[in-house]
């Protein structure tokens, strides 16, 4: 106990930050960033690949129409032979293929969130992404040998493997990242989604155009190799928490332990299900997450099709232009994360208002952009510019609701993320299906306007609900001082036995005091 107090004794009574520029926690953040990027590569590459897979000219013209409102003078300098693909799938069938991934992804969220609490998050994350990556090699075989049915099955299994990525990432962030670094670190890690999208869309377009084995299959082979390499590297070099890491410096380990908001206490008691079910701040995050996923998945899965059917860009140009909005989102999210942490450490804005301000930028911005873009007609440059700005502003969510779970409850953040992400991805499941059915047979600007306006309305409603009921304060049902020590020693999960080492009891009281002081600012 004395050692811990001496370690904490600086001018402000706060944990002493190590002087190293790049510590073990930064390496964990870097690997989680790459893992998130890999996950979104696997999720988005089908959106570009399916444009090359489908033989558009062979589809029954009575069932499918191509919009001729916009001239095709900007369609490309040369004819793209890969447009006439191998498969004759209707627009609605393409929607089912695109959404099949989310069936598997959704049903594994809560189970993996619960398992991560008991057994640790790192291995579930690594092995799940390895399963996702290995099954990418089977996508071309399934499509060619078994048709749409087998392709849907393989994508479903890929979704199962990707299920742990968000709840397990959240659980690891709760164990590795001090509170005053969470806004920017959360933004960096989750912006891997945009980085993956930025890489996936243009590279998938190039591979579909010039790749081996007919073009589009090379998309899944190349990214399958990348994902497999990352999964193995993650499993071999990363560890569950600072205490179990064999190579972390002692000063960094103590800094992380003494800075944590309670998740580093000697145990994690049973989940307070009743209190969570009655928590309006939790429902604020849930609704914001649902609205975000509906709008984001609508754009992510349908934007390449919109570029092709309405704006008449070639598949190669399609991939590049479809990625521009996500490049803007990636860059903006990192900036917002740093600004949010500066707002908190400066003492000018508390956690609650920081989250609400960031989230308002992140959800009202794309809502307005979607509505405006739906009325730009055939102005290709203007449409792409508006969508780029709107999706770029969407990066504000990472310093908003996305990291808000850690404010409410550091010890149960992974569980809460599992529930909100599961519910939100039901919206992600419905978004491409709804868009596919709205535009089937009549992919006109007017029909696409309906798709965009619906997504904008969902954004606006859920963001408003969040602004009314969200909170940045740690909730009463996650208070270390109300834990029952005798019961806790029995229920402590095996993997967290040494989370605090000899300083466990000191950490519990110190972290609780740190939380109260932080939220009084």
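Heads up, residue numbers simply count up from 1 along the chain you see.
Any Cβ shown, glycine's included, is placed from N, Cα and C.
Matching 350-373, 446-469, 470-493 against TrEMBL, the residues noted as transmembrane segment span 446-469. Looking at 281-302, 413-434, the range tied to transmembrane segment in TrEMBL is 413-434. Looking at 179-198, 199-218, 219-238, 239-258, the stretch flagged in TrEMBL as transmembrane segment turns out to be 219-238. Residue ranges 8-25, 26-43 are listed, and TrEMBL annotates 26-43 among them as transmembrane segment.
Checked against TrEMBL, the range among 62-81, 382-401 recorded as transmembrane segment is 382-401. In this chain, the transmembrane segment (26-43) lies in contact with the transmembrane segment (124-143); the count of Cβ pairs under 8 Å, excluding pairs fewer than 6 apart in sequence, is at least 3. Within the chain, the transmembrane segment (446-469) has long-range Cβ neighbours (under 8 A, six or more residues past its boundaries) at 280-281, 283-285, 287-288, 290-292, 294-295, 298-299, 302, 306, 310, 356, 359-360, 363-364, 366-368, 370-371, 373-375, 400-401, 427, 431, 434-435, 438-439. Only sequence-distant pairs (6 or more apart) were considered; of these, fewer than three Cβ pairs between the transmembrane segment (96-115) and the transmembrane segment (320-340) are under 8 A, so the stretches are not in contact.
Within the same chain, the transmembrane segment (382-401) packs against the transmembrane segment (320-340): three or more Cβ pairs sit under 8 Å, each pair at least 6 residues apart.
If you look at the transmembrane segment (219-238), the same-chain residues 6 or more away from its ends with a CB under 8 A from one of its CBs are 27-28, 31, 34-35, 38, 41-42, 45, 48-49, 122-123, 125-127, 129-130, 132-134, 136-137, 139-140, 200, 203-204, 207-208, 211-213. With a cut-off of 8 Å between Cβ atoms, the residues of this chain six or more beyond the transmembrane segment (320-340) that come close are 47-48, 183-188, 190-191, 194-195, 197-202, 205, 299-300, 303-304, 307, 313, 354, 358, 361-362, 384, 387-399.
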